[in-house]
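Everything below concerns the one structure shown next.
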């Protein structure tokens, strides 16, 4: 396209004065004055005065665009029309439209010459990226210098683009090295650029590199800003690098910069945290000497440091000095003083600070009141503490749990236990729920006073309230470990507790049992019950309930009932939780009548059912097609003063929907709405059945009412769950109809209603239909698209190899302003890597960076894998080392392709070195990594090394998988070590893994090649007995090896059998059979097979002719 850029235009009557730049493959400039109404040709450029009539028919093949330039009269010409201004957005849009770099640069320079600054960081960065891509480093330095002169911000992308243009690897962290190369290439940084670069490094966490850049800046005679010094000092302070902080303070003064209050405060904070109070005071004195008065933050920081080191008198002096200055204490100052001085016992001083705080206009809040109450409690002045509590309430400030815990602790400290207990019992009426810490205050008090019965009673009360006791630290630890199933650590704590002379209590045992259950060791958990009884630690009902639940979940119902019957011998009465667990177990087994009978027996045994009991029984009934009985039970529940909750109604609705009784389900739903609000589960249970029944509008009205219900926030997860359920129950067509109704009525405005539909279509290889559905909703119905939906579509299209459409969607995302996220880029990068399109891969990767989308570990792993697959292992290794020099955390998926690539090239030492350094970067090798290594060494013939790797893997606690054993079997058979291979093959079966066809084939072939055909045939029979069908490889191996040992007749039978199995013999089948007949002296049979081969259309190869008799 020829581009005509008009500027300096002055239009007056019939005269026209302008200067032009023609942007084409060659740029030329000229000035021209014209005083006529006609057109004139000047070389390759035709110029027409403003307002003339021109016929464009002859020039329709040539596109002439007029780009905007501002004149002295603030007039702009664009596409033949006048505009009043030129925006940076327009400039960026025009720059992006250029396909020719020189034209783009010419236009960039023309805009740069305008009197007003139009260029921004975005336009400059775009120009830098374009120039980088075309290796125009000199022009890049011009753009960078222009940014400096015009004080246009140089951001992270600016420097990264320049670094890439100069082949500087390793990202921003390489700035100290990169600056030298930049200077040599003509990029000379000014002070503003240095300051900006230092801040970018600090923001990225590269504080040491920032200091190096700072040193270079100073060495070049440039003066860092005060803000830069402050930022460097803060970063050094965080690393406890006091020396650097103080050096920076001295250096800034040497350069003539006057430190401000913020700078000095940073120094005081760093010194104070390190306990260097004298040095902190030295800084304060310097501030005074320099006339830089400390502010409120400075004083507060110093007060905190003094209090932490026990220098309370000096802290008070600082406070008084602060009061005398123009900087009055703020709320944080007073909280610091009250908190630190409350522990010293000087209540008068605390009161004095309190009065000062109020006088300064800071009203007390719950934090300050609690601190003051704690101060009174610590000196035993409980009456004043409670008076303060009353004052607090009168001022409308509600005490919190910490306030009450403080008072309880104070009362117990002075042995006023009855008052402490009274306060404790009143907590719930005050709207406060006690925690384990509240109970432990009493447990500790009773324990220390020798009242162990009371301590245990309180402990039991805590358990009865469902609060996990924290009586002993190990109990809390065991709870966490049990939840995580970390048995080894739990055992260590449990055994340590016993060896310390402390008897584990029932909670300790319960936590241990839960831990054992988590890892599937139910028998060990039951043994622990026997140990409890032997240690005279009586199990409670909670422990028995836990064991019954474990046994039911493990499918051991008979033993669960035995445990229930043992409760009588242990003098334990079943609780409501016991019955709930048993009813739940019966329901899962479908024993409805027994569940009803057990429910009826509860009252007779003095245990009233609660809401959970009814819900459990209703769940049992509804899941076993007894919804009518469930409805009756719902009525019965109401008559027994047991209020149904949302779950109760949801369960009954589920029962009716399950039996396709939609009308009844809707009736129950409306009954529920009279007393309770439906929740997410209600709709996800009811609406799939309603939509399936074809009642789309009824379903819509229910959804609409729910959305407008008070306190409901229907987020993406709700719509995705709802549509997922409707899709599963009602099918695609009805789900789409319901989604259309929601979208057209603007009930759901984003694509969350489409995500389950798209996912399902893509899963069934119908990605094009998914794309059409998505387009219909987004383009015709106004549904707002998100990267998540696009990612599903792109993934689905790539899965069915419709790559062009996937790339079109990627472009569409960008065009409509739906920014691709890291998942989008990862999908496309992976596709590039798998197809070997490395250039495209890096093009997408560069775009990702330029668009500000930060690659994650998966991204980098994809790129590394792509390089390896395209035989660029050295580039992959270089990239890996660049990554780990930054903040990249490698994973096994990082190392797998690299190690595999090195092994396949025979670079075993490098592969081994890379494997060994995994640990250095916090990455533990997994089974897949070991498999890659074993395979690599095995294929090179170093089978012993492969076996040693296998042993090492097992020793490190990594369980070998089927592939691990298959690799060893293959490698060992290849070198003739069949006995060793058989050992691993048998071990494979003993570990609980099932050999597959591949492992059987390798072992059968290994045995056959070593002449052990009887064992091979036995293994063949075993394989078939396990339901594994042999393939052509199996038969070819048997035919070849049977023929080799002279069992040609048997080989012939297998040849016939494979054809009966529907397998087609290939050239290797025929060659094996020909060889068998030739070796056994049956040339006629050999040629007969050859004839069958030719008739069957199977082309012989060299091996065929080599096996035929009488062939030389």
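Cβ from N, Cα, C; glycine included.
Note that TrEMBL annotation is computational and uncurated.
Listed in TrEMBL for this protein:
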| type | residues | note |
| --- | --- | --- |
| REPEAT | 225-259 | repeat 'PPR' |
| REPEAT | 260-294 | repeat 'PPR' |
| REPEAT | 330-364 | repeat 'PPR' |
| REPEAT | 400-434 | repeat 'PPR' |
| REPEAT | 470-504 | repeat 'PPR' |
| REPEAT | 505-539 | repeat 'PPR' |
| REPEAT | 575-609 | repeat 'PPR' |
| REPEAT | 645-675 | repeat 'PPR' |
| REPEAT | 821-855 | repeat 'PPR' |
| REPEAT | 856-890 | repeat 'PPR' |
| REPEAT | 996-1030 | repeat 'PPR' |
| REPEAT | 1031-1065 | repeat 'PPR' |
| SIGNAL | 1-15 | signal peptide |
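Listed as Cβ neighbours of the repeat 'PPR' (330-364) (distance under 8 Å, sequence separation of 6 or more from its ends, same chain) are residues 296, 299-300, 303-304, 307-308, 312, 315-316, 319, 322-323, 371-372, 374-376, 378-379, 381, 392, 395, 397. For the repeat 'PPR' (225-259), the residues of the chain that approach it from at least six positions outside its boundaries are 191, 194-195, 198-199, 202, 207, 210-211, 214, 218, 266-267, 269-271, 273-274, 276, 290, 292, judged by C-beta separation under 8 angstroms. As a whole-number mean, the pLDDT of the repeat 'PPR' (505-539) in this prediction is 77. Residue counts for the repeat 'PPR' (1031-1065) by DSSP state, with H, G and I taken as helix and E and B as strand, are 26 helix, 0 strand, 9 coil.
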